[in-house]
Each structure stands twice: as C-alpha cells, then as structure tokens.
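Enquirer: Questions regarding the structure given below will be posed in turn.
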Amino acid sequence: MQVTLKTLQQQTFKIDIDPEETVKALKEKIESEKGKDAFPVAGQKLIYAGKILNDDTALKEYKIDEKNFVVVMVTKPKAVSTPAPATTQQSAPASTTAVTSSTTTTVAQAPTPVPALAPTSTPASITPASATASSEPAPASAAKQEKPAEKPAETPVATSPTATDSTSGDSSRSNLFEDATSALVTGQSYENMVTEIMSMGYEREQVIAALRASFNNPDRAVEYLLMGIPGDRESQAVVDPPQAASTGAPQSSAVAAAAATTTATTTTTSSGGHPLEFLRNQPQFQQMRQIIQQNPSLLPALLQQIGRENPQLLQQISQHQEHFIQMLNEPVQEAGGQGGGGGGGSGGIAEAGSGHMNYIQVTPQEKEAIERLKALGFPEGLVIQAYFACEKNENLAANFLLQQNFDED
C-alpha cells in the first residue's frame, strides 16, 4: 500500500509499505528515506483520524485510506538547541589556534597591554558550548590584525573586537530568537495551521483553544488535543480579555525592562532550582504573562525584544521552552494599580504595574505616529502595545494591527 504522509509544515510525501508491517516499521522507513536528522524514529508521532498510531500495531488494523493522509509530528530533542549558537563560533578559533598562541606571546611583551586582549588565551584551552560568543571571536580578529601590522598592533587590536563582537552577538541573538520562535505560527500561517489540524478530525473551536493554550505552537497544540489541555488553560484564556487596553499601554516595554533588570538575577538565582524560576518573582514577568495569555501572537515580538535586551535570558528560554510555556500558562496573579491614560506632547504614557504608575517618555514624533495608528480605528492601549513591540516602526505596527484585526475576524 502507499501511505501519504503530511507534516504540520504542510510538506507531503508518500511511502510504499506492506500493510502487514507495523507502525514502527513505517517510522523506520520514513527515517531512512527522509533522513535521521529531520525524522528520527524516536521523535516521530504518526496521527490518523485523531489518534496516535501505536508502534507495535500493524498498519492494516488502522484501515488507512490511501486517499487520506497520515500526519507526521516530529518532537525535537531538548539537547539540540544548546550547542547551536556555539558551533558557528567555535570553527574560527579552532582554525586559528596556532596563530593565536603566537599572538599571545607578542602581546605579552608589549610595554602597555590592552585590556581587550585578556580573553586571547581562552579559546586555545576552552571549547565547550558555555563559552560566550563575544569572547571567542576576539582572538581570531586579533590574529588577523596582528599579522599584517605588527608595530601599530595596539590600535587595531583594541578596536577590532568591538566590531566582531557586535556582528557575532547579532548572529547569536538571531539564532537564539529563531530557535525560540521556530515552532510558532502567526498570521496567514495560523489560519492554514487551524485548517490543517481540523483535517485530523477536530472542531475549529477545539483547535483554536489548543493553539491558544500552546501559544501557537502547532506541535504542542496537537499534543493538547490528543492528551488534553493541562490545567484547563482553555477557560483561563477567555478570562477578562478587555483588560488588555486598560492595563497599560506599552506592556512590551515592561518586558524589556524585565529583560534588562534580570541579567544579574539570572546568574545568582539559577544556581538553586530551575534557571527560569527567578522570573516568578519579577513583576514584569507577571505583566508579560497577562499580555501573552490575552494575545498569544505577541509572543514572538516579545521574545525578540528580550533577545535584544538580555540574550542570556533568551538562551535560557530557548533551552527550557517547555518550562517557560508552563510558566506562561499559570494563572495570572492579581495585579495592583489601575490602567493609565496617555500624556500629551513630548510627555509620557502611563503604565500600570505593581501598585504604582510607570511612565514611558515619547517624543512628539512618536506621539504623532501613535495618533496616526489610533486613527486607523484601533484602541489606544493596543496601538501603543503594538508600536513598542515593533520597535517604534509605524509601518510594522500598522501591519501587525491589521493582521490582528484580520485574525479576529
């Protein structure tokens, strides 16, 4: 028989197999034909007519119609996300280890050592993934600058790591962000995903509730549909939706503040218990959880903002995605303070949180941009939220708001 298989990313392929064979044999055939990295047997879940196929059961028992398709869901191993950012950075120091060692000796003899060269000897002896991206590329750039110009070595060596750090930091941040949001769908992809999961035999309301509970992660949404939504997240998602506009204007900026203020906390608190547990005591995280539960599609933008403000925190999130999602699913604690309004001119926009008012300063140009977005017919709270989430880019914010309106319709 010929089995048509379809992934949650809407990739379709066919496998020829004897119906007397077991489901596990089909999984092994998928792995051999499509690759062990993309479709490992241990990570495959085959779903037909809303049921997970049992490995030891023969295919004929499920009466699979060749005109229909079997859904393939692949769960990625947790360890894969850890070395990803570091592997791209390690190749450069590895290839220049010999040059680096000679560079270190010449710099040591210089009359005035440059502080930026302190980490030069590190990559020669340290290669684990825990080494930071910013310290690794420094010797590579130092070696390149030392070789052609030995006399004025101090000037280029001191300045070159800055450029290298910024580029490597950006690339590692983008890798972390892609890793953290790779499983999320928004916009038109969201609608396609709803249709795709409905084709497994579920009602639209069930699918939307599962996607909401999983924050638009299709793999986890299917698991919720099969196993049940934990903690009745379905009912929590509908509680108090109007508060989004009244609790405060730029809640995404509160998340940025949380990211900026938790760098030190991460290093001190993560030693005891789970690395993300410290977030529970952060009022900014409470606000973020409330925002995301009311509007899950904001999660990618907020993760991107965290990546800019605190890449270490984003790395922790990407390494512990399931725990992070679980924390976001927890009931929101009662927040103190009432919602605030907007100021005029170059004044500030009020934001509620933790029993007192916070103000975000905006320029007259930013105020005008917010007013133009409000003129499109969106409430002020949502406009400000979108404007800050989109890095004060008016066009992106407008597209985001229009997309939100389309999704709700």
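In case you wondered, yes, glycine gets a Cβ from its N, Cα and C as well.
Annotated domain 'Ubiquitin-like' per Swiss-Prot: 1-79, in sequence order. The annotation region 'Disordered' is assigned in Swiss-Prot to 80-175, 236-276. Per Swiss-Prot, the feature compositional bias 'Low complexity' maps to 81-143, 252-271. Sequence annotations record features per position, and here Swiss-Prot assigns compositional bias 'Basic and acidic residues' to 144-153. The phosphothreonine annotation in Swiss-Prot covers Thr155, Thr164, Thr186. For Ser160, Ser174, Ser199, the entry in Swiss-Prot reads phosphoserine. If you look up Swiss-Prot, you'll see 188-228 marked as domain 'UBA 1', on the strength of sequence analysis. Residues or ranges marked as phosphotyrosine in Swiss-Prot: Tyr202. Taken from Swiss-Prot, the feature domain 'STI1' covers 274-317. For 364-404, the entry in Swiss-Prot reads domain 'UBA 2'.
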Enquirer: To which of the modified residues Ser199, Tyr202 does the lowest count of other Cβ atoms within 10 Å belong?
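Expert: If we count Cβ atoms within 10 Å for the modified residues Ser199, Tyr202, the smallest count is at Ser199.
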Enquirer: On average, what pLDDT score does this prediction assign to the domain 'STI1' (274-317)?
Expert: 76
Enquirer: Tell me, please, if the domain 'UBA 1' (188-228) and the domain 'Ubiquitin-like' (1-79) are in contact, taking contact as 3+ Cβ pairs under 8 Å between residues separated by 6 or more positions?
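Expert: Touching, yes - the domain 'UBA 1' (188-228) and the domain 'Ubiquitin-like' (1-79) meet the threshold of 3 or more Cβ pairs under 8 Å.
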Enquirer: What does the DSSP secondary structure composition of the domain 'UBA 2' (364-404) look like, as residue counts for helix, strand and coil?
Expert: 32 helix, 0 strand, 9 coil
